[in-house]
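J.: Got a structure for you, questions after.
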Amino acid sequence: MYASREDIGYDFGDDSKVGSKPVKPNPNIDGGWAWMIVLSSFLVHILIMGSQMALGILNMEWLEEFNQSRGLTAWVSSLSMGITLIVGPFIGLFISMCGCRTTAIIGGILNALGWILSAYASNVHYLFLTFGVTAGIGSGMVYLPAVVMVGQYFQNRRALAQGLSTTGTGFGAFLMTALLKHLCTEFGWRNAMFIQGAISLNLCVCGALMRPLSPKELREKYVVGNDSEENQAKALSQSTETIKSNGVLGEEPDKKEEAANEEVLDSVQHIEIGGKSGSGRSMYGLRLFKTVSQLTVTVRKGFALWYSSYFGAASLFTNRVFVAFIIWALFAYSSFVIPFIHLPEIVKQYKLSRQDNVFPLTSIIAIVHIFGKVILGIISDLPCISTWNVFLMANFTLVTCILTLPLMQTYIGLAVVCALIGFSSGYFSLMPVVTEDLVGTKHLANAYGIIICANGISALFGPPFAGWIYDITQKYDFSFYIAGLLYMVGIIFLLIQPCIQKKQSREKSTEEAQV
């Protein structure tokens, strides 16, 4: 059923500033180079998220090699997954200063280095540093730009574009599971990690494809987006209270910062003009000074935007529904990660290895996950459907599957539940869309960085917690039950906060009408 912006307690800012003069759509918005951005993001999801979803294979190799407890060994995978997401807010600072392209290329080099160094691990603690921290930070530096760039290049087809790009996680989980199995069998896990490190250098190519939009192109996107009634009807904007009390996020600080930046660059320009008659050495010094000044201006501007988003008067945390979204993210991701890390062990425990070798349960999740992301993206882009409602329904389905998975002890039963987990977890493609609707495109990098940071905390502690519970009870049942219940708490926060927001908005409207 269609849910308008009033139904969930949101209001829009004044669009009167947008002129009525028709603006010619930019061919690169929702088309043209935008599809190359989708391809780049798709490959990033294969190489990063897909590889992380296949870590159950390496986890079994590490258990056998180092002979440590399941809880301790699971920390390697958890650190890699968790740090990839936890560094989100700091990667947002990098993006504000350097841009998505540079950030992604540096991250690709760092990720490959982490895989290669891990091939020489002598113990689990060594893997904590090389694979967990080094590869994890590198993954985060590529992952966030890949998501943000898709949000920048798409307006009318955001959900579909994010769905197509994030299907790389499903393809990657399927491909990387088969690849790592083959490499570990043929060459051993050490050589497998070395080869995977070489493959990960392709992340630098993906980063090079992330051509930034010019300020003019971004303005055209905003104007065209504001002229579209369909997008307005489906968007989730900031709450009325936040907009009235703080104004547009970061608008005034940006103006002051730009004025200061212009003064710096003007002074440099005057010096350069005055020094043209000087020697070649002087001109070289002036050019170097100009480059440093421009770099300083860029860093100052990026830091100002990052700081105002988190700590300024118009902080993202003043948006109550966004805060509820963060609380949900703290509990949600572990419910999806735990099955991927521990399913191979569960299959072995239930003596279902023969069937699982024919068609692994993790591959079932991965394949159906692909269709789930695309189908949920297409449904969410329909004019009569609310993205928010689709997002909530998928969450309810996933938490139900997590709670019922321990009850299935046959391969068919586990396969059905895994298929449902794969489809419902397709809501991951809607997370950037919902986040952008909450805070706007300008603050998407910082806001989504916070969300994936919360997801990272969830991923960091989820699998080790499940392994620790197993070490105590010799069963995984309680791990899934506790994870499912915590997940349900997060969903309740998502349901309650918009209702409170809606009630407060109506009460304010009534008071204003009476006055």
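Glycine too: its Cβ is placed from the backbone N, Cα and C atoms.
Pulled these from TrEMBL:
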type     : residues : note
TRANSMEM : 33-55    : transmembrane segment
DOMAIN   : 37-502   : domain 'Major facilitator superfamily (MFS) profile'
TRANSMEM : 75-95    : transmembrane segment
TRANSMEM : 102-120  : transmembrane segment
TRANSMEM : 126-148  : transmembrane segment
TRANSMEM : 321-341  : transmembrane segment
TRANSMEM : 361-379  : transmembrane segment
TRANSMEM : 386-405  : transmembrane segment
TRANSMEM : 411-434  : transmembrane segment
TRANSMEM : 446-466  : transmembrane segment
TRANSMEM : 478-496  : transmembrane segment
J.: Looking only at the domain 'Major facilitator superfamily (MFS) profile' (37-502), what is the mean pLDDT?
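T.: Mean model confidence (pLDDT) across the domain 'Major facilitator superfamily (MFS) profile' (37-502) is 77.
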J.: Six or more residues beyond either end and a Cβ under 8 Å away: which residues meet both conditions relative to the transmembrane segment (446-466)?
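T.: The answer is 71-72, 74-75, 77-79, 81-92, 96, 140, 143-144, 147-148, 151, 305-306, 309-310, 316, 322, 325-327, 329-335, 337-338, 341-342, 431-432, 435-436, 438-439, 476, 479-480, 482-483.
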J.: Have the transmembrane segment (361-379) and the transmembrane segment (126-148) got at least three CB pairs under 8 Å, pairs 6 or more apart in sequence?
T.: no
J.: Applying the under-8 angstroms CB criterion, which one of 33-55, 75-95, 411-434, 478-496 scores highest with the transmembrane segment (321-341)?
T.: 478-496
J.: The transmembrane segment (33-55) and the transmembrane segment (126-148): do they have three or more Cβ pairs under 8 Å, with pairs 6 or more apart in sequence?
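T.: Per Cβ check, the transmembrane segment (126-148) touches the transmembrane segment (33-55).
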J.: Cβ under 8 Å, sequence separation of at least 6 from the ends of the transmembrane segment (75-95): give me the contacting residues as numbers and ranges.
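T.: Counting only partners 6 or more residues beyond its ends, the transmembrane segment (75-95) has Cβ contacts under 8 Å with 48, 52, 55-56, 58-59, 62, 103, 124, 127-128, 131-133, 135-137, 139-141, 143-145, 148, 302-303, 306, 309-310, 333, 337, 341, 445-446, 448-464.
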J.: Cβ under 8 Å to the transmembrane segment (411-434), counting only same-chain residues 6 or more beyond its ends: which ones?
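T.: Beyond its ends, the transmembrane segment (411-434) has Cβ neighbours at 147-148, 150-151, 158-159, 162-163, 165-167, 169-170, 236, 325, 336, 339, 343, 346-347, 350, 352, 355-356, 359, 361-362, 364-369, 371-377, 380, 387-388, 390-391, 394-395, 397-398, 401-402, 404-405, 444, 448, 451.
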